[in-house]
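Step one of this worksheet: look at the structure below.
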Amino acid sequence: MTFKNIPKIKNEKTRSIVNALFLITCCYLIQVVFTISALVFSHYVLNDDFINLYAFIFVAYLMEIPVIIYFLKKWNLNLMQEIKPISFGVSLILLLTSLVIFLFNPVISEPVAYFENLMMGKIMVFIPRKIEVDYLFILTFFSYVIVAPIIEEIVYRGIVFNYLKRTFNLMPAIIISSVLFALFHFDFSGEGVIKLISGFAFCIAYHKTKSIAAPILFHIFINLISQLTTEQVIEASAVNISRYIPLVIFGIFFTFFLIKEMVKKVETPENTFEDEKE
């Protein structure tokens, strides 16, 4: 690489990030327009019928499809070749990883509150949520657990991640796409860190399996657990703690295993810049 080439490479990388931002912004604006429309329509026309908010959000995701198709063609990305079935073993690993992420969620997302409760002899855990299966639940479940993961994974992993890999090494592409994923959820609390970690994990799942189905299923598991559980503070008695010790031990060992596998995969020669461009 000569000195003359440096400005061109920097320009190309900057352009890649700007283009990725433009795509995500287009999708986000569609979400905003339809969400605001839902609020206005529900308040002034339907007397604040909350069910219609989720209906509009569902429609907003569907309205992103033409934008997705446009950028897939514009950037010459063929995701149809990457819609491959994944094995039961891989699916099980994705589910277990989702559980591990939720196991450490209270510590990462609310560290101050978590340790304050711990000092008062209390712990924060996730318990099953009381669910009433009605029209609102079905619509929310379908939008949040099924549609959102499919659309978001196609956008952030299928398009943005693949597009960034053309001008960046694997790890920078993972980091940039994960940061964009976290930022555009507009959650700057501890939950934003969880989004960042999740985005990183989704990229790794996609990269290792070479199938867009893997991050989609991974994302579905995350949203499913979130939908079916709720956070609760309980007394940290010996009985209560003993219930979670095996899960914590498993979570720690499984996390180390995942990190080891991720690092090993990223450090292999096949992940060089030249190979990614090919």
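Note that Cβ sites are derived from N, Cα and C of the backbone, with glycine treated the same way.
Just so you know, TrEMBL annotations never went through curation; they're auto-generated.
Annotated in TrEMBL:
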| type | residues | note |
| --- | --- | --- |
| DOMAIN | 137-225 | domain 'CAAX prenyl protease 2/Lysostaphin resistance protein A-like' |
| TRANSMEM | 21-45 | transmembrane segment |
| TRANSMEM | 51-72 | transmembrane segment |
| TRANSMEM | 92-115 | transmembrane segment |
| TRANSMEM | 135-156 | transmembrane segment |
| TRANSMEM | 168-186 | transmembrane segment |
| TRANSMEM | 212-229 | transmembrane segment |
| TRANSMEM | 241-259 | transmembrane segment |
Should anything in the same chain at least six residues away from the transmembrane segment (168-186) have a Cβ under 8 Å from its Cβ atoms, list it; otherwise answer none.
13, 16-17, 20-21, 24, 28, 152, 156-157, 160-161, 192-193, 195-196, 198-200, 202-204, 207, 266, 271-273, 276
Mean pLDDT across the domain 'CAAX prenyl protease 2/Lysostaphin resistance protein A-like' (137-225) comes out at 91
